[in-house]
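Trainee: Okay, these came from Swiss-Prot:
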BINDING   CYS6, CYS9, HIS59, CYS63  Zn(2+) binding site
Amino acid sequence: MMLIECPNCGPRNENEFKYGGEAHVAYPEDPNALSDKEWSRYLFYRGNKKGIFAERWVHSGGCRKWFNALRDTVSYEFKAVYRAGEARPQLDSTEGGTR
């Protein structure tokens, strides 16, 4: 079992959360002006970075609020969590972490 820190509720079991994809993806200003190829790239193509990655999560079994997390994709360790709308925290690769 892994505990995930909800910024609203505190640490909770991983089963209470759902993954929501990459965080901080800007919505196109005029989606109607995009070609099919550009629209598909926006919808389906995301980074698959090794290391610290910004992700969206929802606490579906608790407060039902969305938040962002910085997670190490190699170790699965959450380095930081922060509310949606807040700026991404700057971390050194050795900072933070919960397992």
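All positions are counted from 1 along the displayed chain.
Backbone N, Cα and C define each Cβ position, glycine as well.
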Trainee: Once the chains shown are all counted, how many other Cβ atoms turn up within 10 Å of the Cβ of CYS6 (Zn(2+) binding site)?
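Mentor: Counting Cβ neighbours of CYS6 (Zn(2+) binding site) within 10 Å gives 22.
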Trainee: Through the lens of DSSP with three states only, how would you label CYS63 (Zn(2+) binding site)?
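Mentor: Once the DSSP labels are grouped into three classes, CYS63 (Zn(2+) binding site) ends up as coil.
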Trainee: In the same chain, outside CYS6, CYS9, HIS59, CYS63, whose C-beta lies within 8 angstroms of the Cβ mean position for the Zn(2+) site?
Mentor: PRO7, ASN8, GLY10, ARG12, GLU16, GLY62, ARG64, LYS65, PHE67
Trainee: Taking DSSP three-state, what's CYS9 (Zn(2+) binding site) in: helix, strand or coil?
Mentor: coil
Trainee: Give me the non-local Cβ neighbours of CYS9 (Zn(2+) binding site): same chain, 6+ apart in sequence, Cβ-Cβ under 8 Å, ordered along the sequence.
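Mentor: When sequence neighbours closer than 6 are ignored, CYS9 (Zn(2+) binding site) has HIS59, GLY62, CYS63 within Cβ distance under 8 Å.
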Trainee: Using a 10 Å cut-off on Cβ-Cβ distances across all protein chains shown, tell me which of the binding-site residues (HIS59, CYS63) has the largest neighbour count.
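Mentor: Counting every other Cβ within 10 Å of each candidate, the maximum falls on HIS59.
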